[in-house]
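Enquirer: Here's a structure for you.
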Amino acid sequence: MAKTIFYFSYRKTEELHAKAKELKKITTDYGYELTDDYQKANVIISIGGDGAFLKSVRETGFRQDCLYAGIALTEQLGQYCDFHINQLDEIIKAAIEDRWLVRRYPTIYGTVNNTKAFYVLNEFNIRSSIIRTLTMDLYINDSHFETFRGDGMVISTPTGSTAYNKSVNGSIVDPLLPSMQVSELASINNNKFRTLGSSFILSPKRKLRIEIASEEGNNEFPMIGMDSEALSIQHVHEVNLEVGDRFINIIKLPKNSFWDKVKRNFL
């Protein structure tokens with residue numbers, strides 16, 4: 001099947017425009033088609049860093065019927081970008097010679113107040129937007145697990161486990177294990193509030209419900225982050241999360257596994 005490519009970028013600079021123009025020319029020189037409609041593309045390529053890649057996946061609807069690829073602008077390739085902007089010929093050559101490999105990354109599906117539905121590829125986090133703590137009750141499969149009080153929580157996918165989650169001492173999880181990891185942000189533990197005090201990992205058979213306590217404006221304006229986006233919802237009462245039914249198919253080069261990237265970025 002012929003490859004139809006959609007290029008995504010949100011940084012509008014002269015340098016990026018020139019690089020994108022060069023990349024599009026190389027693409028068409030090798031016989032690939034370009035489209036301005038991402039719904040008609042079977043390959044979606046983001047130009048930028050991991051943030052640009054996450055934005056491209058979100059703005060193109062978390063499609064499962066296409067391939068995604070990330071092209072980095074800096075020497076640091078990141079977790080989602082396997083290619084560098086200065087390797088344009090290598091990118092296309094790898095495609096021509098069928099040296100592209102595809103990895104399937106799991107997602108998290110969630111709702112806010114049982115209405116606002118979303119997917120995340122990296123992480124979901126909820127924090128207080130004012131200088132005070134949040135009180136939340138956590139339920140696993142409708143069974144009460146703990147009452148949390150603190151700055152907030154981050155719930156990450158396996159690939160997202162290397163981001164915010166890692167900075168709060170969460171574990172790095174292999175993306176071959178579809179799951180979601182729940183990590184605390186500065187929890188308060190005393191005679192009244194007691195939490196697990198460590199991250200925990202839930203399987204696709206588990207559902208997590210977070211109920212935000214309604215006390216003294218506690219749930220007025222919490223900050224909600226979904227990958228690289230912020231969601232503004234007044235009066236958040238309940239968040240439901242589970243391992244998503246969608247997988248994102250991402251192009252990678254051989255000998256550049258998830259753990260190769262972890263070693264390159266952290267060791």
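A Cβ is built for glycine as well, from the same backbone N, Cα and C atoms used for every other residue.
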Enquirer: Where Swiss-Prot shows Asp50, Gly51, Lys55, Asn122, Glu123, Arg149, Asp151, Thr162, Ala163, Tyr164, Asn165, Lys166, Ser167 binding NAD(+), which of Ala94, Ala95, Ala186 is named for the same site?
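Expert: Of Ala94, Ala95, Ala186, Ala186 joins Asp50, Gly51, Lys55, Asn122, Glu123, Arg149, Asp151, Thr162, Ala163, Tyr164, Asn165, Lys166, Ser167 in the NAD(+) site that Swiss-Prot records.
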Enquirer: So how many other Cβ atoms are close to Ala163 (NAD(+) binding site), meaning within 10 Å of its Cβ?
Expert: 19
Enquirer: Can you give me the same-chain residues 6 or more apart in sequence from Asp50 (active site, proton acceptor) with a CB-CB distance under 8 Å?
Expert: Gly70, Gly78, Gln79, Tyr80, Cys81, Asn122
Enquirer: How far apart, in angstrom, are the most distant Cα atoms among the NAD(+)-binding residues Asp50, Gly51, Lys55, Asn122, Glu123, Arg149, Asp151, Thr162, Ala163, Tyr164, Asn165, Lys166, Ser167, Ala186?
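Expert: Site span for NAD(+), by Cα atoms: 31 Å.
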Enquirer: In this structure, which of the binding-site residues Glu123, Asp151 has the fewest other Cβ atoms within 10 Å of its Cβ?
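Expert: If we count Cβ atoms within 10 Å for the binding-site residues Glu123, Asp151, the smallest count is at Asp151.
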